[in-house]
Amino acid sequence: MAANVGSMFQYWKRFDLQQLQRELDATATVLANRQDESEQSRKRLIEQSREFKKNTPEDLRKQVAPLLKSFQGEIDALSKRSKEAEAAFLTVYKRLIDVPDPVPALDLGQQLEIKVQRLHDIETENQKLRETLEEYNKEFAEVKNQEVTIKALKEKIREYEQTLKSQAETIALEKEQKLQNDFAEKERKLQETQMSTTSKLEEAEHKLQTLQTALEKTRTELFDLKTKYDEETTAKADEIEMIMTDLERANQRAEVAQREAETLREQLSSANHSLQLASQIQKAPDVAIEVLTRSSLEVELAAKEREIAQLVEDVQRLQASLTKLRENSASQISQLEQQLNAKNSTLKQLEEKLKGQADYEDVKKELTTLKSMEFAPSEGAGTQDSTKPLEVLLLEKNRSLQSENATLRISNSDLSGSARRKGRDQPESRRPGPLPASPPPQLPRNTGEQVSNTNGTHHFSPAGLSQDFFSSNLASPSLPLASTGKFALNSLLQRQLMQSFYSKAMQEAGSTSTIFSTGPYSTNSISSPSPLQQSPDVNGMAPSPSQSESAGSISEGEEIDTAEIARQVKEQLIKHNIGQRIFGHYVLGLSQGSVSEILARPKPWNKLTVRGKEPFHKMKQFLSDEQNILALRSIQGRQRGNITTRIRASETGSDEAIKSILEQAKRELQVQKTAEPVQASSTASSGNSDDAIRSILQQARREMEAQQAALDPALKPAPLSQPDLTILNPKLLSASPMSTVSTYPPLAISLKKTPAAPEASTSALPSAPALKKEAQDAPTLDPPGSADATPGVLRPVKNELVRGSTWKDPWWNPVQPERRNLTTSEETKADETNASGKEKTGSSQPRAERSQLQGPSATAEYWKEWPNAESPYSQSSELSLTGASRSETPQNSPLPSSPIVPMAKPAKPSVPPLTPEQYEVYMYQEVDTIELTRQVKEKLAKNGICQRIFGEKVLGLSQGSVSDMLSRPKPWSKLTQKGREPFIRMQLWLNGELGQGVLPVQGQQQGPVLHSVTSLQDPLQQGCVSSESTPKTSASCSPAPESPMSSSESVKSLTELVQQPCPTIETSKEGKPPEPSDPPTSDSQPTTPLPLSGHSALSIQELVAMSPELDTYGITKRVKEVLTDNNLGQRLFGETILGLTQGSVSDLLARPKPWHKLSLKGREPFVRMQLWLNDPNNVEKLMDMKRMEKKAYMKRRHSSVSDSQPCEPPSVGIDYSQGASPQPQHQLKKPRVVLAPEEKEALKRAYQQKPYPSPKTIEELATQLNLKTSTVINWFHNYRSRIRRELFIEEIQAGSQGQAGASDSPSARSSRAAPSSEGDSCDGVEAADTEEPGGNIVATKSQGGPAEVTAAPADREEATQPAEKAKAQPLSSGTPGQDDGEDAGRSRPPPEGLADAPAPVPNLAAPAAGEDAATSATAPAMATEAPGAARAGPAERSSALPSTSAPANAPARRPSSLQSLFGLPEAAGARDNPVRKKKAANLNSIIHRLEKAASREEPIEWEF
């Protein structure tokens, strides 16, 4: 059998039935074509014979007639033979063409044979196994017989065990006794050791207390020493400055005397010359006069020479005293430093002892409180407020000295004014050397303050300038301050940078106007008339062209290697992370594109014009001095706020600075009092005391402005008033030999901290590095009220600063547009409220603003970690205010620095900048960006963090930039310095060094949550649920409220959620619905639905991830049914349940995607819908919400108050949203029209009559129902859309169900149409008719609109087909006009648009096999076909094979029986349906033509 099946299989495989069928098809086609040709040729032959008969003579015809007749008979015989052969071929062809290929069946049969053979083998194997089992049974019986012996052996074993047990018990008793004795001994020893350790502990505690007291004493001694040291250094510095000023004045007097002596000598020579002339004219009478004049001139000259000698002695004496003072101060400084080192060493020892014995933080807090407590009484203050009494005391002490100070200042100005007037008379060529840019009285009092930072920028602080510097500038009427106006900080910085570029060239060119004086003090220099006259660019303009020309003319002759210069500049820019835009703006005065072009493709020197050479001159000057690069780097850091470390301090820094200014002024006055005699009268002193106070207040004001600019640029732009022009004037000198006297900057002295390394203070703003730690600890360590309490004297100064801060600063104006948001009156009010409220809060305003999402301790730790977070771009990124507590938070009060109205848009968040150390770690490594982004994406997905939050909190980028960077990361080598920063931040974030606040944290409870579902709220995901539909406000990322459910309930419901196939939810029945009249807590509280209850184990994202596959179509259908049945709107459902807008909900319900095509974020609304459907009280809660909304609307509608806010009810019911869109309540939303049921019914009836009503019908409906015409129009539009969507979803479902259950039998192969588009199925498009399994035709046709869906589910499976898509399927051959050229037995739908088309004839039974083909072909059922039947739509092309003709049906049934016999799957036969369909169409055409040719009678006889 197997051999027979195998040989059969091989035979049929070789036979290749399909190839044979193809060959038969080709032969049949050839035969059909030949028949047509033979018919034509026969006609031609007959016509030729007729013509031959007509044209030839009769005798010839008689001769040829027998031959022609024999030919005709032969042709007839041949044609008859060919017809019989064709008929025989046709019968064979008909039988063979539909024969299924038996190869698969034979193959299956062969496999079944193999299986049967294997069954036989298994049976024999079974027999063998049975035999072996019997043998084993026998062996088992033998083993049972041996059990008796085993029992005996067990009894013996039991006896042995009992003996062993008794022996073990005796041994155990002995051992127990021994152990008890040992234990008693050990317990005794332990007690002794415990006593000794307690005594030692007491001794250690005693020692610790003594050490702590010693440490405190040493700290206080060290503190006192530092203060003494600071006072002595400042006093010495003041003395040195006084001596220097005296020395310079003496020099000036000496020079004036020399000039007067020269003038006298000239007068003497001229007098001599005139005397000689006069002697010639009249000698005798004028001899006495000449003697007299000569003697008087000589006397005057001698007096002047004596005065010069006296002045020279004074100068020498002053220089000697100066050197002696220097030596004394140096020795004192060295002694103090030795003492300081000794104290530091003892302090280190004590700290090492204390390190292992006490908690560092506690000790630190105690020491800081002790420090603050000891500082107040040491300065003479007794009240709680440590700064205010000190200021008052200092002002009282200084009030008596201010009048003397003013008179001294007037005398100084008189002296310097006379010197200026005399100096003006001299020719400019007589002045020796380049002149300093400031007059001697304006020299700094403290040489420590005149030292510029190592980066080339200067302290932007009036604390470094003497008091008379400001007052002389303010009081001197000769200074042209009024003409300068307001100036840009950019231009000041540009001048500051340009100074070092051009100063050398200026000096070489002999220019007398230096931008900055770079050399040390000159002992013989004469003061310039005015500091502003010496700097031509002081008004904020760039250096004049003459200056740059003079700078360029120096190196005009030399050849410059442009490529090398460009390479060096690029290296320096990359090394210091300086952008080309900044470099071009400040150095070259060009745009970024021009700079990039110059650096990328530098032209050779000889090809450049004069103007083209100028950038290279500037670049060379830029590279010549390291200070230029450092200055530019500080500007870059200030503009970007990234790399340079920022020093932060609270507002107490400004008070400390004012205090130090007043102390310094006091000491200076004392020094001046002792050094110089008082030359002013009492009237002058009384008249000028007010001026002195005003100058001090103005100086304090400038100090505060500088402090604000340095320490809080993100909160308030720092205005620079006109008198501050001189701050950045060429006055602060670089390091000189005299700068070694003091090593402490003044702010560091006042804050009792040693200065840090110079690299730490690269900012150009006035902040010492030592401020950093003090500022960080200030909010937690200072006593309440001490941090921000403003002294009464200084409060008007601060108010004045606030009022003056509305000027448009080009530096900070583009950075902080949102901050200038309050009026001036509000600022002053806020300042007063802050002054009183700060005593309660105990922390500074900027810090309060930043403590939003974290607690106070977390905030302090965060800002300790980021000391440089304050930058021009740092805009307090955590300003997201949450829920009900928003109105009570202190940061909601208007900021004192915001001058206009608060804007609704929140401040753009920024990230804390990176430190240089973090840059250096990764900047020069090779980082694999692809792997890094992969890890970041994994971590984001694992923690459920959306890219928007990650970009805002970690990278400082938008969501689009983050998405682009994560999907297409560039290689590390192709990234610029700025482009590498996000990847460095990603690496730091992965390492846990950055942005730890971004990870999901548990939301904090804000209020009672009434009905909630037990799944977790992830605060970070809140803004990410519907980023397309919800406005991205800060409230969307606020922490979520927690549910008051117990944890056991939560865990229980969570486990149920996980176990159920579709997640269900338990509701908390604890709360009661709130009163509908409750207004929202605050004006700005968003009307967001209540989020899911917080639980630390499971979030909604995890619920989505764990959820099994949901039927999205089924869920949306059920939701729509529930909403429609209960007359609930999609807006209410979306806002309350899904947290989406009405448009998003409508789109979601109309076109739900399959579950497997949705992302995690896209699945979330469906999970929420499923949870809502599983809630038994879902409808009631939504109805409650709807009623409350309606009540609120009615209240608003009937209330006459114009400014009343909409009273939105608090959300009741289960809320499954996290990122709900906050609705701003100050905008009244247009009320939603709710129709009554009877109105809906009337509109539905009108719709059934006319889906597209005319305007007249609409107006009639509106008047009948008492509605607006717009409402009626909208209802018709919405209803049409709804029906269209329902039809669309049902068609999709019917298509999927029909494909799943399709069988291969011809009766079940009804054509399924492709789903139409949304508009096609409704608006006047005919539906294609589909064939039911019974062969009946059900024609569904929508008349001019979407019909009411009232059919049974079986009817709903019928799909619609657009009429415009139906295309004619061309025949294989034959004329297009043939109506009968198709399969005769095939069912056809009526043509479109013909109502009276004949119904198609059901399939007839197949005729007998022996019946003649001609008679079967001429059956009446096959004669005609309805017009248009040749057309087949796209649905037919894509569907299964329709019922074919009767002869083709019989062989088509055989494979189905074979399949049922051998168990082939039904889908196997359906695979080649399209091929079979094409083949059947071709076959029908050919067979019909052959049968027609075979059955045709010869119409014309032969002529012969």
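Note: Cβ is positioned from N, Cα and C throughout, glycine not excepted.
Of the candidates Ser438, Ser476, Ser898, Swiss-Prot marks one as phosphoserine, and that one is Ser438. Of Ser345, Ser734, Ser742, Ser1053, the one with phosphoserine in Swiss-Prot is Ser1053, while the others lack that note in the record, though it may still apply to them. Taking Ser82, Ser958, Ser1460, Ser1495 one by one, Swiss-Prot attaches phosphoserine to Ser1495. Record note: of Ser535, Ser893, Swiss-Prot gives the feature phosphoserine to Ser893, with no matching annotation on the rest. Your range for region 'Disordered', going by Swiss-Prot and the list 120-141, 186-207, 670-691, is 670-691. Here Swiss-Prot gives DNA-binding region for one range in the set 208-267, 1228-1287: that range is 1228-1287. Cβ neighbours within 10 Å of Ser1254 (phosphoserine), excluding its own Cβ and spanning all shown chains: 9. The Cβ of Lys1268 (SUMO2 cross-link) lies under 8 Å from the Cβ of Ala1262, each of which sits 6+ residues away along the same chain.
For the pair formed by Ser1485 (phosphoserine) and Ser1254 (phosphoserine), distance between Cα atoms is given as 51 Å, rounded to the nearest Å. The DSSP breakdown of the DNA-binding region (551-638), given as helix, strand and coil counts, is 67 helix, 0 strand, 21 coil. Of all the Cβ atoms in the protein chains shown, 20 others lie within 10 Å of the Cβ of Ser1485 (phosphoserine). The average per-residue pLDDT of the prediction over the DNA-binding region (1228-1287) is 89, rounded to a whole number.
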